[in-house]
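Copied over from Swiss-Prot:
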COMPBIAS  69-106  compositional bias 'Polar residues'
COMPBIAS  121-137  compositional bias 'Polar residues'
COMPBIAS  236-260  compositional bias 'Polar residues'
DOMAIN    474-533  domain 'LIM zinc-binding 3'
DOMAIN    534-591  domain 'LIM zinc-binding 4'
MOD_RES   Met1  N-acetylmethionine
MOD_RES   Ser83  phosphoserine
MOD_RES   Tyr118  phosphotyrosine
MOD_RES   Ser119  phosphoserine
MOD_RES   Ser130  phosphoserine
MOD_RES   Ser140  phosphoserine
MOD_RES   Ser143  phosphoserine
MOD_RES   Ser230  phosphoserine
MOD_RES   Ser250  phosphoserine
MOD_RES   Ser272  phosphoserine
MOD_RES   Ser303  phosphoserine
MOD_RES   Ser322  phosphoserine
REGION    17-138  region 'Disordered'
REGION    159-260  region 'Disordered'
REGION    291-335  region 'Disordered'
MOTIF     144-156  motif 'LD motif 2'
MOTIF     216-228  motif 'LD motif 3'
MOTIF     265-276  motif 'LD motif 4'
Amino acid sequence: MDDLDALLADLESTTSHISKRPVFLSEETPYSYPTGNHTYQEIAVPPPVPPPPSSEALNGTILDPLDQWQPSSSRFIHQQPQSSSPVYGSSAKTSSVSNPQDSVGSPCSRVGEEEHVYSFPNKQKSAEPSPTVMSTSLGSNLSELDRLLLELNAVQHNPPGFPADEANSSPPLPGALSPLYGVPETNSPLGGKAGPLTKEKPKRNGGRGLEDVRPSVESLLDELESSVPSPVPAITVNQGEMSSPQRVTSTQQQTRISASSATRELDELMASLSDFKIQGLEQRADGERCWAAGWPRDGGRSSPGGQDEGGFMAQGKTGSSSPPGGPPKPGSQLDSMLGSLQSDLNKLGVATVAKGVCGACKKPIAGQVVTAMGKTWHPEHFVCTHCQEEIGSRNFFERDGQPYCEKDYHNLFSPRCYYCNGPILDKVVTALDRTWHPEHFFCAQCGAFFGPEGFHEKDGKAYCRKDYFDMFAPKCGGCARAILENYISALNTLWHPECFVCRECFTPFVNGSFFEHDGQPYCEVHYHERRGSLCSGCQKPITGRCITAMAKKFHPEHFVCAFCLKQLNKGTFKEQNDKPYCQNCFLKLFC
């Protein structure tokens with residue numbers, strides 16, 4: 001356990017220098033060989049029954065084929081001349097001298113063209129701890145190991161860069177090389193005490209490493225895997241495969257993943273998950289998804305590399321090998337999202353019954369629906385025919401089976417006011433074969449609105465009663481006002497009955513008789529007065545003979561002397577102070 005604590009401390013101190021490739025040591029270090037004493041002894045006669053695989057083999061702790069054991073001083077190759085079967089070697093934990101019955105092997109069939117030697121190193125323990133102390137120590141070390149692996153994963157996203165030639169190069173693979181056992185030089189030729197075996201690691205680029213003293217990450221992980229048993233076997237072996245130790249060991253050796261390949265697969269998995277989050281919506285055009293659940297698709301058995309037998313990666317990506325295309329168009333992306341949503345709801349058992357077919361796009365309606373004009377519409381497709389604006393919850397008008405918004409409908413189809421030429425939205429007045437706003441239908445002369453008495457029309461214009469009669473009704477010859485009701489027609493004009501009187505005395509004409517002078521009606525007296533046919537003596541009109549004297553007219557019997565009152569019929573008279581006198585009276589009075 002002290003060695004395990006030291007390995008954990010060294011692993012924690014070297015995590016900041018880890019690259020994606022494991023660091024191979026250029027020379028031997030104290031960490032390159034186990035601390036326990038190992039013995040080696042050639043097997044002369046193979047036993048009939050091979051031993052069962054150890055707990056490390058069942059837990060998946062199989063040494064890398066690259067690992068080779070060599071002694072600290074020299075290396076010898078031992079091959080059995082007559083048998084090419086691999087040798088299973090086991091070493092004791094406490095004894096320092098090997099026992100021929102402690103290490104056994106079995107002949108097996110030849111695998112490939114090379115010989116394999118499988119070794120299970122065991123560590124020497126100074127003292128056997130109690131089970132309680134052992135479990136507590138293992139639990140704490142496992143927790144520390146989990147924390148260090150998390151730090152290792154974090155370092156993998158920001159690794160220190162190697163030079164181009166080292167980053168692109170990979171460690172040399174074993175190829176067709178045979179596994180080698182290194183036997184140290186001892187005093188005894190055979191069966192003596194063997195020195196500590198050292199584990200030789202291949203070197204990167206001719207033996208160059210990041211550090212010559214620090215152990216590599218792969219060697220540390222190998223030591224940890226061999227020291228701490230895993231509670232759950234990583235590899236499942238069928239019962240039919242347990243009959244042959246060589247088959248079990250070969251399967252375990254093929255499925256073992258090194259630390260560098262595991263971290264590389266972890267990086268690929270994280271990158272695939274990131275791509276799935278970004279391009280998840282773009283790759284669901286057919287409505288199918290591959291969920292990143294961690295189990296293989298189609299019921300296939302998952303392989304250690306993270307790829308199932310069906311050939312799909314359980315990383316959230318589809319099985320298509322074609323690269324993802326460019327971003328789809330907004331319309332196709334919307335249709336793809338709607339189709340994926342509907343398929344997902346159907347998979348979950350949620351029934352998505354279409355509410356109808358849109359009258360515009362002829363597609364089924366699954367969300368909000370607008371019902372109008374006996375049809376169903378998508379809300380975004382129920383628009384005005386003229387301006388193409390969404391009508392929504394506003395009022396609309398129908399014309400020839402097409403919807404129109406209120407503004408466009410009135411501008412296109414509403415009646416126009418004759419006065420302002422604007423559309424009539426509410427009440428309308430129809431007059432004179434035209435349409436009007438109620439507030440624009442008024443008297444053309446005074447601008448007053450028409451009352452209950454109505455209006456009068458003249459030359460296509462509307463007038464109130466007063467203005468119409470004032471402007472167009474016949475005028476009275478006496479008062480010059482419009483004649484609205486009864487009238488008298490005389491002297492080529494119309495008269496109010498109360499206005500047809502003598503223009504001098506304003507006396508109504510009795511029996512309808514009147515005298516006209518200069519276009520005006522007069523009574524008889526004023527008529528003769530105006531004409532001068534009134535007797536100057538009696539002040540009555542002269543209808544018969546008359547005498548004209550002193551610029552006056554007289555009845556013959558009324559032309560008399562102003563003093564004696566005798567009729568002046570002879571035609572001679574004297575005038576004095578505008579009065580007529582006979583000859584005798586004139587002589588008497590003025591002579």
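Every residue, even glycine, has its Cβ placed from backbone N, Cα and C.
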Self-check item: For Ser272 (phosphoserine), the number of other Cβ atoms found within 10 Å of its own Cβ
Solution: 17
Quiz prompt | Ser143 (phosphoserine) versus Ser272 (phosphoserine) - Cα distance in angstrom | solution = 28
Quiz prompt | Around the Cβ of Ser143 (phosphoserine), the count of other Cβ atoms that are within 10 Å | solution = 10
Practice problem: Would you mind giving the whole-number mean pLDDT across the motif 'LD motif 2' (144-156)? | Solution: 77
Quiz item: Quick one: DSSP breakdown of the motif 'LD motif 2' (144-156) into helix, strand and coil?
Solution: 13 helix, 0 strand, 0 coil
Quiz item: So, in DSSP terms, is Ser143 (phosphoserine) helix, strand, or coil?
Solution: helix
